[in-house]
Amino acid sequence: MAKELYLVTSRYDENEETFLERVNTACANGVTFVQLREKDLTTRAYYELAIKVKKITDRYHLPLIIDDRIDICLAIDASGAHIGDDELPVDVARKLLGPNKILGVSAKTVARAVEAEQQGADYLGTGAMFPTQTKVITKPTSKQTLKEITKTVDIPVFAIGGIKEHNINTLTDTNIVGVAVVSEIMQAPNIADKVKQLKEAISLL
Ligand code: TZP
């Protein structure tokens, strides 16, 4: 089955127009999932940005997931929300979202993965698999743990964290559904080419 390429956003220091153009280019060239993940915005600014990003993802019929903010997911009728370790408990998030929204959960241990699945997660993000500048991590998740997670749960698992075109080939035999990427796409000098190259790399997994 074709692997998923999950774009997770970061605005870096760009103006909004450039940011939206980058997201649009990534969507036009083959990402299959989009997560709006912006940690430094007020509620109102996050909400307004989410509406603009949803216009783009709707244009390409792509699911839009909102990081950490179930209220904003519901307010703009996004496809779902993603919650990390320090955010709401998974069962609470599921209750708030209802049965029809996608719930993604970060899980870097087998125990967390099992608990998330039992409590209603639809997919998992596991990592960081490699060192990354995008998030403070204590130590990368091992390929062994990733494999154990995919073996243990029935829901799809994305690898995330430090994923680059050149290291995707080390994720063979892990049974991941795809990869989730921030900087490799958002900071690429040519986003269209980068997305196509990443698609090629994940197709070989
Ligand atoms: N969760 C685990 S690592 C990470 C997140 C959101 C950041 C991934 O960013 P990048 O730039 O793809 O390494």
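Just so it is clear, glycine is given a Cβ too, placed from its N, Cα and C backbone atoms.
For the 4-amino-2-methyl-5-(diphosphooxymethyl)pyrimidine site, TrEMBL records GLN35, LEU36, ARG37, GLU38, LYS39, ASP67, SER106, and the single candidate of LYS95, LYS135 listed with them is LYS135.
Straight-line distance linking the Cα atoms of SER106 (4-amino-2-methyl-5-(diphosphooxymethyl)pyrimidine binding site) and ASP68 (Mg(2+) binding site), rounded to a whole number, equals 11 Å. Here 4-amino-2-methyl-5-(diphosphooxymethyl)pyrimidine is bound by GLN35, LEU36, ARG37, GLU38, LYS39, ASP67, SER106, LYS135 per the record. The longest Cα to Cα distance in that group is 16 Å. Here the binding-site residues are ARG37, LYS39, LYS135; the one with the fewest Cβ atoms within 10 Å of its Cβ is LYS39. Summarising the environment of SER106 (4-amino-2-methyl-5-(diphosphooxymethyl)pyrimidine binding site), the number of other Cβ atoms within 10 Å of its Cβ, over all protein chains shown, is 24. When the binding-site residues GLN35, LEU36, GLU38, LYS39, GLU87 are checked against ligand 1, none has a Cβ within less than 6 Å of one of its atoms. GLU87 (Mg(2+) binding site) carries neither a helix nor a strand DSSP state and counts as coil.
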